[in-house]
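One structure is given here, and the rest of the page talks about it.
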Amino acid sequence: MMKPVRVADYAELARAALPARVWDYLDGGSGAEWTLRDNRAAFERITLRTRVLTDVATCDSRTTVLGAALAAPIGVAPMAYHRLAHDDGERATAAAAGAHGMLFVVSMFASASYADIANAATGPLWTQLYWLRDRAALLDVVRRAEDAGISALVLTVDAPRIARRPRDLRNAFTVPADVRAVNLDAPVMATSHVAEDGTSAIERHSRERFDPSLTWAELAWLRERSALPLALKGILTAEDAELAVAHGVDAIVVSNHGGRQLDGVPAAVDALPEVADQVAGRVPVLVDGGVRTGADVLKAVALGASAVLVGRPVLWGLAHAGAEGAADVLAILREELAEAMALTGRPTLADIDRSVLAVPRPRTR
Ligand SMILES: Cc1cc2nc3c(=O)[nH]c(=O)nc-3n(C[C@H](O)[C@H](O)[C@H](O)COP(=O)(O)O)c2cc1C
Ligand SMILES: CCCCC(=O)C(=O)O
């Protein structure tokens with residue numbers, strides 16, 4: 001292939017670089033992958049209203065989210081095991097995000113230590129958590145993150161367990177022995193590496209270790225033990241957004257886990273207005289799922305997002321060319337966002353409101 005010029009170009013490069021079963025784990029979704037497809041289709045249904053002659057000589061995409069100063073309202077979504085994509089793993093991702101003034105949300109299942117990631121980082125780092133049955137192990141991860149200077153916690157709430165993902169079931173997917181979630185103690189992790197026909201080790205592992213009995217009231221347990229800001233990731237309704245604010249959460253990430261949890265929930269960008277309207281600016285609202293172009297970022301901001309998170313494309317870049325590939329993916333998004341701002345006549349993020357959105361075209365499917 002010629003030099004990649006669109007984020008989507010990196011998908012084919014990554015597929016060619018990775019073993020099929022690893023590609024399937026990164027690329028795949030749950031069920032019939034309807035929600036996975038709709039995350040993209042929903043962005044493509046939204047058309048834009050341009051304004052002209054507004055002086056777009058300088059377009060400023062800088063913003064601050066939970067104290068993190070960003071060059072653009074873009075971050076890397078938490079994803080497990082970046083070393084599946086490239087040996088340099090999360091250290092490369094941290095360098096790439098930092099090079100573009102973007103946020104990196106480190107997964108609880110990162111394959112590099114928080115300390116090593118922080119050493120490679122030049123920008124803000126948050127970390128994602130799953131609520132483990134073993135509270136001591138959960139707290140241990142929080143302490144490691146705090147010690148490394150991580151500045152916010154993102155609790156994922158759409159995964160009381162990891163959903164059935166047909167590709168991983170067919171492949172009996174296991175995490176390779178040399179790729180480890182090193183911020184979790186070995187005994188906690190053991191089952192992720194054990195093969196068993198017709199099962200996914202990740203799904204099995206989540207059933208053993210994640211605590212599905214978590215309720216709103218118990219969030220206080222974590223708040224009492226860490227002073228870091230707390231975001232909830234995986235909110236899709238106004239009701240849960242209101243509960244999150246009522247429980248003192250500092251930010252919300254509207255997400256369907258990249259179409260990897262309940263198949264049949266709406267596209268993330270379609271759920272965003274409901275959540276943003278309910279929250280009404282009380283806390284920042286972020287969104288992830290299907291962001292592949294700078295215009296997608298602009299659409300999300302118009303619908304009320306303070307920032308977007310980008311998942312798979314960062315791993316595509318890593319798989320193709322390590323830190324350089326991941327950095328190029330982020331560079332393309334940043335350049336395309338600046339272009340979308342200029343060509344819609346919105347030179348600042350504050351100018352990007354719903355007036356930039358045309359009435360969505362009717363669905364044709
Ligand atoms: C390979 C992979 C691993 C993921 N691991 C995690 C994780 O450890 N924790 C989490 O909260 N979300 C995880 N996610 C979900 C992402 O944070 C994010 O919601 C999703 O990938 C965004 O959609 P996109 O890939 O279409 O950009 C993972 C997604 C992928 C593709
Ligand atoms: C046990 C690791 C879970 C990673 C995850 O959230 C995903 O694959 O979507």
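Just so it is clear, glycine is given a Cβ too, placed from its N, Cα and C backbone atoms.
Curation does not apply to TrEMBL; its annotations are automatic.
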Please state which member of Tyr10, Tyr25 TrEMBL lists alongside Arg165, His257, Arg260 for binding glyoxylate. Tyr25
For the C-alpha pair, I'd like the distance in angstrom between Ala80 (FMN binding site) and Arg260 (glyoxylate binding site), rounded off. 13
So which one is it: of the binding-site residues Ala80, Val291, which has the fewest other Cβ atoms within 10 Å? Ala80
Under DSSP, is His257 (glyoxylate binding site) part of a helix or a strand, or is it coil? helix
Of the binding-site residues listed as Thr156, Gly289, Val291, Gly311, the one whose CA lies nearest the CA of His257 (glyoxylate binding site): Gly289
